[in-house]
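Annotation comment: TrEMBL describes 20-38, 112-132, 144-163, 169-189, 201-218, 224-247, 267-286, 353-372, 384-405, 411-430, 439-457 as transmembrane segment. If you look up TrEMBL, you'll see 292-364 marked as domain 'DUF1736'. Residues or ranges marked as repeat 'TPR' by TrEMBL: 480-513, 514-547, 582-615.
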């Protein structure tokens, strides 16, 4: 199927490499950008999505993955984020089983390999988007824009905004989605290779494309948008439809017959297949997920909770402009953009309105050129560039449903394809006008080199939580979550004094930040600053009455203040809000032991061990209490039961040895 197009490469002063070498260069450079992240830790969201996700463990039935969200919660749960990505979770599970545990190296290596693979595939994708679709007599697809496609693929491979997807293990969802997204597009293009029977397109390859789009969606929600992009590609490249002319003709009823000629080559049939496939996929997903909306809070996405439609619209558009800026200048990168990082625009007098005006000025200019230009080649490239920039971003735009973030660098992975198309086309236009093309080429090489260095530096920041969280302090100093995470990291390392400083700042920036209050209260409790700890924890449960951890910690503080009735009430309130709470039962048992309510204490500790059989402290306290009350036979039985479950626990061995000594069983083996 011949498609005669102007050659975009004619005006570009760039490297011309054989296809094999071009792909090798892209693979190598994309590998160098992120190779230093291979031995990084599990950071940020990795803890919830991987370490604490029971769906990765062998004891969880594989079938459960289809009814759980990305974080391992039931989709039917009110707390579920409805992020349905079972195939991504399946790859995490395979990683875990092959490694024999939570060893991050294997997870990181797979992410790096995926990005390299996607970057290589981009050469084929960009050769079609920039050079058109044409096959040789032998049925092989021709690359009509080798220099342009290489440049665009390099821009994609080294873009620093991709660091979160590659260096952050949770970014696997975006990488897998992108992989099947591209395979779906390439499969759709294969449908137009003429076969021996002379058919102009293959229904089989269209169906394969729909299936690959469904797989992409099962990796991440954005994957479904490839079906819309395939339809746009079909209309613009295969059918060469001029959208402006089509709209004008549709407005003239006397030319309906002429319009039918625009919809030749089975376009309506193929679009029907794509739409039917997409509708079926969405219906099945809806049936599995249920109708309940995702559970997000105001701090996750404050603009979506604004009462005024004007405030919501203005801020959504401002978020779009910031996403565009991250593509243009990916210098200020942050692992989290919520919690006050970007204050709301509440009036037109806010100077940030300029960013909205600049965004829409550029978009409207590009759209006008894409629709009205007399150059069909220009119309096609600009429309495809805008399509790949905008359509994959729509699920994250807040237009159809509320999302759980303000800005997320990971969701720009796919839209960056459109940016690379527009950048490359703009470079070709500048090269056409420039007298010294080599200087322009050197400038682009400089941009690529800067991006490589930025990727390397940024991926090194993702190697550990300390570096990642501290890197955000200069980018989002108003983000309470950044200060909270820095404080938590310091507290985990035993630096309580420094942690207090960051927790206090987090609470100052967000006076309703209950998790910061809870953690700060915990540290103050350990430092015996009990009254301030009680004030913070009481405020936390007042703000969020179902915050079980804060109720338990409040009970511990009240117990230390010898207000035993209030402490007992706090413990039971915590258990009411979290039925399976072994640590709370353990602390409740300690309270009952202090009050000499021995039976209640034993029952509480027994509940703790039922819920968490490896709860060593609860087992040990039962043995000691039974020993102290003279129930040596029962203490021995409990001790042996505990050691069967935790065979190498030295404290349990010591307590059981004491019991055996008092029973004059000096030579009885502890392990039977």
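Just so you know, glycine gets a Cβ as well, placed from its N, Cα and C.
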Check your understanding: Quick one: do the transmembrane segment (201-218) and the transmembrane segment (267-286) reach 3+ CB pairs under 8 Å, ignoring pairs fewer than 6 apart in sequence?
Key -> yes
Practice item. Count, for each of 20-38, 112-132, 267-286, 353-372, 439-457, the Cβ pairs lying under 8 Å from the transmembrane segment (144-163), and report the range with the highest count. Key: 112-132
Study note, to complete from the structure: Counting Cβ pairs closer than 8 Å to the transmembrane segment (112-132), the top stretch among 169-189, 224-247, 384-405, 411-430 is 169-189
Exercise for review: Please work out the helix, strand and coil residue numbers for the domain 'DUF1736' (292-364) from the DSSP assignment.
Suggested key: 36 helix, 0 strand, 37 coil
Study note, to complete from the structure: In the same chain, residues at least 6 away from the ends of the transmembrane segment (439-457) whose Cβ sits under 8 Å of its Cβ atoms read 13-14, 29, 32-34, 36, 151, 154-155, 158-160, 162-163, 330-331, 427, 430-431
Practice item. Sort the residues of the repeat 'TPR' (514-547) into helix, strand and coil with DSSP and give the three counts. Key: 27 helix, 0 strand, 7 coil
Check your understanding: Looking only at residues six or more beyond either end of the repeat 'TPR' (582-615), which have a C-beta under 8 A from one in the stretch?
Key -> 548, 552, 555-556, 559, 564, 567-568, 571-572, 574-575, 621-622, 625-626, 629, 642, 645-646
Review point. Under DSSP, the repeat 'TPR' (480-513) has how many residues in helix, strand and coil?
Key: 27 helix, 0 strand, 7 coil
